[in-house]
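> One structure, pasted below without further comment.
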Amino acid sequence: MSAPQYAEKALASSSSSATHPHHGAEEAVTLNVDPNTLTVADLYDKEKFDLETMDNKLVFQLLQCGPEGLTQAEAEARIHKFGPNRLPEKKINPILQFLSFMWNPLSWVMEAAAIVAIGLSNGQGEAPDWQDFVGIVLLLLGNSCIGYYEERGAGKAVEALMAALAPQCTVKRDGKWETMEAANLVPGDIICIGIGDVVPADSRMVVANNIKIDQAALTGESLPVGKDIGDEVFSGSTVKQGEAEAMVIGTGLNTFFGRAASLVAGANEGMGHLQQVLAKIGNFCIFSIAIFLVAEIFVMYPGFKYRYRRGMNNLLVLLIGGIPIAMPTVLSVTLAIGAKQLAEHKAIVTRISAIEELAGVTILCSDKTGTLTLNELTIKIDAIKQYSDISAEDILLFSAYASRVENQDAIDKSVVESLHDVSLARQGIEVLDFVPFNPVDKRTQVTYRRLADNTVHRASKGMSQIIQELCTRDMTPEVEAQLHADVDMFAQRGLRALAVAEESVPSGTVDGEGTGFRLIGLLPIFDPPRHDTKETIERAIDLGVHVKMITGDQLAIAKETGRDLGMGDTMYKASILNKPDELAGIADSVDELVLRADGFAGVYPEHKYEIVERLQNLGHMVAMTGDGVNDAPALAKANVGVAVADASDAARSAADIVLTEAGLSTIIEAFIHSRIIFQRMRNYAIYTCSVTIRVVTTFSILVFAFKFDFPPFLVLILAIINDGTMMTISTDRVKPSRHPNSWNLKEIFSYAIVYGCYLTLSTLVFFVVIDKTNFFQRHGCKAFTNHNDFSLHSVIYLQVSILSQGLIFVTRSQGFFFTERPSTFLMLAFVVAQLVATFITVYANWGFTHISGAGWHWAGAVWIWDIVWFIPLDFVKFGMAGVIERFAVARSPPTPGEPVTHEQVELARQRTRMSMDAAQSVNRISTIPSRGASYYAPNLHDHVSSRRNFGSRVKQLITKSGKNLTMDGNELRRLQSTQAQAASRVLGGNST
């Protein structure tokens, strides 16, 4: 559209009317600037133009639009200028993403081994060890390819699932209303919003029809706020009543929340919980290798006077065989496949390492409304109170007459739907006049004609006190007393009371005088629990997860819901958290109160945040479920935030897991599957650390005791075959734990050392029997000429391969290995791998790597030897478990519902300091997290940053000039809800 003609009137002279849209409407408001020359930065510079408070006419002029909206061509042009209605997505370079799999300390050691093989293993008339070099490079590339493929696949799967949840909006384009993705909105668009809609962008009201906006988490107002023409509505707020048309004034980065999010995005990067675990496991392996590397260097060169090349080969054996190079990839694949399995069970994982944290959850904090309950007001029909001869069924009918059947509020909807046939609400009557609910009168009233006898009547419903004052007929002291008693009884049970009255109009006219209202009934209204919630809570308790209700509703309502669901009614008002002096006789400390309580009522967002934080400080891994805007801060603070089905955009963007099926039942499946995934990772961690200890101790001792030089290439083959087999552990069938899981690295390392030493002993005894006796020769096996006979190399290779890989069947089972059947893939992979190893031992004659075929007699002898040594491994496991279990009870966090001692608190804090530090440093803005500074990320990227209160993070930012960032108090309150994430809708990519 053409630019308007602007009068030469200074902005300063029009600012008074521009900042007071409801005054001076008759005064012309114009601008002395040409909108065509304005940049986006100028337009959103509040020192020049405050689009939130300017007169609507000025905003129309600045944005060059009108009530008829934009054309499609104009909108497309503005998309290029203003960008989409979301924060920019950071695209990951595929090449860098692939190479990143080779950029971590474990890979560095293998890369160092490759350099040693090609650059240092030469001289003395021998060529570089190019075979080992090529093998190491192929091993690195293979791991990277597998990890890259799984990561890209999982990333695309999550993006596709989250795209299905993309918010829609109704916008006027080319003069017609159409539905489109909110991301395509541009400033100047005219949008239509109605009941239940989430405002898709910062906007100014153009047409307002009795509209109320729920912006509690944005401004702190507890009740929906009425909006009029010219008022601003913020992205992420929810329409609770009426409908309106609004002009979009800010999208994406140009909303208040978008600007705030861009300031804090990517701040304070750190390492997440799983990355820290991987780092410690990797450091354990590297440290073990380093000790024996140094020992071998001193023994071989100063001690044995080895030639340079001979010693380098033995060092390569430790470098190649000791490093669990596939560990990041195996765990990455395990998590990726786990995420896909959870998606099949209606749980979308938006932060992949949250799967591991979900397995360790000990307390589930759940919002009540919409999560434990249906978020639908319902009449408790069997508890209706009657004050006349009118039946309960007719009381419902009268209340339905006094309700809207279209454009209903929550109460009208509950009343009408309580009828066995909703058509009865208007059947047989003609509505002559209807007075909707308003905050002043606090009741509704209908005047209607009954078609059966052509008589006119009135019915009214509303607050009990208002209806009582309205009633003049049959309102005796006894009836009043009974009404008050019933209302009090309802309140004690957590039920809201809705009184109903009726009167006749003898004149038959709309305004005619009635016979006087008569109280006929009292309706109990409540938000019923979901049909599966009670069972869900029972299953959670069976899994060792304590469930707490965290709700903003009244205490009586919370207690009644708790009793209905069997989760207890030991609940308190959240205000007690800030009043330690009121704890006398209840608890010795706020921490004890929080731990013992079954829930809290009257909760504000800051209370939810504090409750989660206190539970974390007591040593618990906390999951928080919710669906509303006000749940977002606690969802972000919790170790695992879970947004239930139909959750707001704010809740989804703050959560780690988004449920796509109604209710909490899906969370139980998520608990179970996360524990299965955790068990797979734990089993592999014990296995890989054990193999590291086994390799470095076995081959070092063989060098020290027998000057046995094992070929590096055989260790490389061992690593390749092992890595390929271990990839299948990601689909292994394991039993989930009946209790929450946690990474006990001392336990893992203890198991690894014991298993590794046992496997080493099996090889050393085997070597001694071969060297010092003729036991095997008496059974048809050929003799060896010396300690470095090429055939002996093959035999030792097979013995190490079979028993090392067989260890996985012991670590994966909780009882005897044969009582828990492994997955078909794992079993097939093991069989194939060991068949390959057996054929190499029997037939391989590879002079370049100093091996030759040892024949079937030796192969059979090795298999029998390893089977004999494999059987006692289960008893080794049971013995270790008994020793570890003695220390486990003393180190567990305090149990919910029991008193908490100071010693327990301190022990719990020490026990989980690592996980809590990491848990408080997770960035919710990223859906598919990026690697950031973490070298040990499971290769589904986890990008982490400070997980503090969103508003506090912005407030504490230091600008480049060294000045503290400050903002208006109201704006800071809006930030507390982390609505920047809702405004930006970065659910399908990276924002940092």
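First residue shown is number 1, and so on along the chain.
Every residue gets a Cβ built from N, Cα and C, even glycine.
What TrEMBL shows for this protein is this:
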DOMAIN    50-122  domain 'Cation-transporting P-type ATPase N-terminal'
TRANSMEM  281-304  transmembrane segment
TRANSMEM  316-337  transmembrane segment
TRANSMEM  684-706  transmembrane segment
TRANSMEM  749-770  transmembrane segment
TRANSMEM  790-811  transmembrane segment
TRANSMEM  823-844  transmembrane segment
TRANSMEM  856-876  transmembrane segment
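Could you place these features in context, so I can see how deep they sit and what lies close by?
Long-range contacts of the transmembrane segment (316-337) within the same chain, counting only residues at least 6 positions beyond its ends with a Cβ under 8 Å from a Cβ of the stretch, are 101, 104, 106-107, 109-110, 112-113, 116-117, 121, 129, 132, 136, 139-140, 143-144, 146-147, 150-151, 153-154, 274, 278, 281-282, 285-286, 288-289, 292-293, 296, 352-353, 355-356, 677, 680-681, 684-685, 688-689, 691-692, 695-696, 699-700, 710-712, 715-716, 718-719, 722-723, 726-727, 729-731, 936-940.
Note on the transmembrane segment (684-706): residues 281, 284-285, 288-289, 291-292, 295-296, 299-300, 314, 317-318, 321-324, 326-327, 330-331, 334, 715, 722, 726, 729, 748-749, 751-753, 755-757, 759-760, 763-764, 767, 771, 787, 796, 800, 804, 807-808, 811 of its chain, located 6 or more positions outside it, place their CB under 8 angstroms from a CB of the stretch.
Listed by sequence, the residues of this chain that lie at least six past the ends of the transmembrane segment (749-770) yet keep a Cβ under 8 A from its Cβ atoms are 284, 686, 689-694, 697-698, 701-702, 705-706, 708, 776, 784, 792, 795-796, 799-800, 803-804, 807, 810-811, 865-866, 869, 873, 876-877, 880, 884.
For the transmembrane segment (790-811), the residues of the chain that approach it from at least six positions outside its boundaries are 683-684, 686-687, 690-691, 694-695, 698, 702, 708, 710-711, 714, 717-718, 721-722, 725-726, 729, 751, 755, 759, 762-763, 766-767, 770, 782, 784, 817, 822, 826, 830, 833-834, 837-838, 840-841, 844, 847, 850-854, 858-859, 862-863, 865-866, 869-870, 873-874, 877, judged by C-beta separation under 8 angstroms.
For the transmembrane segment (823-844), same-chain residues at least 6 beyond its ends with a Cβ under 8 Å from one of its own Cβ atoms are 717-718, 721-722, 724-725, 727-729, 731-733, 794-795, 797-798, 801-802, 805-806, 808-809, 851-856, 858-859, 862-863.
The list of residues near the transmembrane segment (856-876) in space but at least 6 beyond its ends in sequence, with Cβ under 8 angstroms from a Cβ of it, reads 754-755, 758, 762, 766, 776, 779-782, 791, 794-795, 798-799, 802-803, 806-807, 810, 816-817, 838, 841-842.
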